[in-house]
Amino acid sequence: MSSDTSASRPPQPDTGTASKSESENPAIPSPHPKSNAPLTNRDWWPNQIDVSRLHPHVAEANPLGEDFDYAEEFAKLDVEALKADVISVMTTSQDWWPADYGHYGGLFIRMSWHAAGTYRIHDGRGGGGQGMQRFAPLNSWPDNVSLDKARRLLWPVKKKYGNKISWADLIIFAGNCALESMGFKTFGFAFGREDVWEPEEILWGEEDEWLGTDKRYPGTGERELAQPYGATTMGLIYVNPEGPEGKPDPIAAAIDIRETFGRMAMNDEETAALIVGGHSFGKTHGAGDADLVGPEPEAAPIEQQGLGWKSSYGTGVGKDAITSGLEVVWTPTPTKWDNTFLETLYGYEWELTKSPAGAWQFTAKDGAGAGTIPDPFGGPGRAPTMLVTDISLRESPIYRDITRRWLDHPEELADAFAKAWYKLLHRDMGPVSRFLGPWVPEPQLWQDPVPPVDHPLVDDNDVAALKDKVLASGLSVPQLVKTAWSAAGSYRNTDKRGGANGGRLRLQPQRNWEANEPSELDKVLPVLEKIQQDFNASASGGKKISLADLIVLAGSAAVEKAAKDAGYEISVHFAPGRTDASQESTDVDSFAVLEPRADGFRNFARPGEKAPLEQLLLERAYLLGVTGPEMTVLVGGLRALGANHGGSKHGVFTDRPGALTNDFFVNLLDMGTEWKASETAENVYEGHDRATGALKWTATANDLVFGSNSVLRALAEVYAQDDNQGKFVEDFVAAWVKVMNNDRFDLK
């Protein structure tokens with residue numbers, strides 16, 4: 001919400017509600033699919049799962065090659081020189097896009113904010129970690145008008161430093177530099193974001209017009225934002241700055257603010273700090289008729305070379321710029337950090353007005369403060385102005401107490417903004433082990449910290465001895481496999497959270513998640529803890545093993561035994577080095593969003609789940625970062641191992657449960673079986689012998705999709721072949737190790 005945010009057309013005087021025009025911002029015509037475009041498979045069969053989603057960034061698309069190591073290149077970078085060059089760009093105004101007040105700081109803050117601010121907690125998608133703002137749809141969102149210019153201003157810096165700095169890092173770093181150049185002391189900064197080279201399909205909303213809201217609010221009478229969305233409005237980062245659906249109601253806007261910032265993992269104080277801090281700099285742009293603004297970058301003529309929103313109002317730039325349609329300068333010191341945002345907010349009474357572009361905003365009442373706000377290009381002074389969402393900070397009891405306290409204690413605001421800004425920029429990056437550079441501060445609670453290894457690790461002999469103890473403990477193969485999967489399977493590749501490291505399976509809230517079968521964990525974990533304690537008490541040389549490591553090792557031992565029982569000798573790679581986090585270093589509320597509503601790998605779904613199970617399986621595979629073949633072999637192997645939730649027999653197509661066989665695929669593809677939906681159990685299918693009618697198997701959609709979907713059937717056929725039983729075991733073990741090590745960034 002810093003600097004410009006996209007405006008919607010203001011409510012019409014006779015109704016007080018937002019316009020129902022094609023796009024609420026008249027400057028941004030809403031694009032529509034061409035009616036005569038060739039139909040895709042998705043158009044013809046929209047309910048089929050799209051396995052290609054599991055391969056979003058193919059190696060062939062990367063011009064730097066598979067061997068490129070960003071961390072290695074970054075190590076060659078002079079970060080102080082980079083900072084100096086970014087600040088130089090920021091303070092050197094260009095005629096083709098003149099800088100407000102001679103400083104692009106506000107623009108760069110908005111660019112960084114709008115890159116990082118797409119992050120959402122429910123599925124970990126969004127954020128600035130891959131440089132996605134360069135691509136559609138983000139590069140053409142109404143909320144990102146003119147950020148194409150910000151990135152273009154940075155091109156000389158990117159060109160100079162080349163592969164040593166990614167676009168993803170540079171976009172985020174520029175905003176941090178902007179704050180520092182204007183006198184703000186930041187909390188820290190980490191590099192380490194690697195670029196991708198093509199856009200990723202993310203469901204930002206089901207609306208088919210910019211600034212639509214109808215599909216994300218179910219219309220039940222309650223304003224309840226559907227999951228997993230993080231914004232109230234299609235094409236905006238958070239909320240409509242004019243108020244919900246363009247109705248200028250600061251109290252209603254505050255409710256939306258709280259919801260959307262909460263979905264980005266921000267509490268009330270962090271939310272207020274970000275708004276106050278971000279709006280302490282720069283201005284918004286709504287100099288004239290927004291109908292004179294041209295199409296977004298993706299729809300702009302080829303000769304504009306990737307720049308969009310070309311305006312024919314006056315010069316189209318500088319004093320004539322139109323970005324959001326709002327024309328607000330928040331403070332008398334727009335290029336300097338101080339407390340004048342709050343001094344201005346509370347120093348005047350406010351009345352509703354409209355910008356020159358017709359957008360709702362507030363101005364100081366009765367002409368108070370006229371001339372106290374400087375013009376960005378040396379013109380006459382202006383009156384104080386605020387967005388509807390700024391007034392929310394004063395009028396809403398949610399934020400009033402917080403901001404009034406900061407009015408009297410600006411040092412508390414500075415501290416809160418520094419930490420909230422750091423969190424905003426880094427929330428999607430995962431643990432600090434992924435961070436690069438000299439300015440990384442100590443780990444924060446929201447980063448799910450794990451302690452460092454402070455002891456010698458187990459060696460190969462220790463690993464072998466521990467495997468023997470685990471297998472002799474009385475715990476079964478399914479118990480050991482399910483426990484390891486419960487730990488490692490919590491990982492989300494989107495925001496690098498979850499996983500086995502930290503041993504948080506033994507802590508709240510994960511220990512009580514329904515998917516993890518708490519009653520089973522109560523049987524398994526004490527046995528593993530006793531093995532751990534006995535080893536740590538007797539091992540030579542101070543060697544120790546964490547419970548996090550032992551959980552993974554025990555699952556790997558079970559896989560080896562299951563392979564041996566199927567006739568194959570194979571070693572499952574194990575890399576020690578995980579540590580055990582404490583309950584105090586685990587934010588229970590933050591971890592709650594990781595709880596799976598379904599996990600098709602374990603054939604689990606919460607009772608009453610309405611979404612198609614096969615779609616939820618694909619989503620779980622996406623979050624784990626596994627490919628189509630890996631998802632296929634994992635499901636088949638886990639069924640053979642008996643790793644279903646609750647010991648269910650659905651999909652266990654074998655008379656040798658516990659042995660790592662390819663029986664799942666062989667029997668699924670057997671044409672001697674006829675499948676029908678069960679008449680007695682919801683979401684269950686029954687496989688009957690075609691000749692006798694006898695019941696042979698039961699299954700869910702998580703199982704049958706591998707015979708139904710043409711892409712997955714092709715993969716299943718590979719693993720069902722007589723000559724690929726060994727390949728099945730090898731591929732399962734490789735995929736298993738990948739999942740177990742997903743969060744071991746120290747190994748990568």
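Heads up, the Cβ atoms here are built off N, Cα and C, so glycines get one too.
As given in Swiss-Prot:
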- 1-20: compositional bias 'Polar residues' (COMPBIAS)
- 1-43: region 'Disordered' (REGION)
- R110: site 'Transition state stabilizer' (SITE)
- H114: active site, proton acceptor (ACT_SITE)
- H279: heme b binding site (BINDING)
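Over all protein chains present, the Cβ of R110 (site 'Transition state stabilizer') has 29 other Cβ atoms lying within 10 Å. In this structure the alpha carbons, written CA, of H114 (active site, proton acceptor) and the residue listed as 'heme b binding site' are 14 Å apart.
With respect to their backbone Cα atoms, R110 (site 'Transition state stabilizer') and the residue listed as 'heme b binding site' stand 10 Å from each other. Around the Cβ of H279 (heme b binding site), 27 further Cβ atoms fall within 10 Å across all displayed protein chains.
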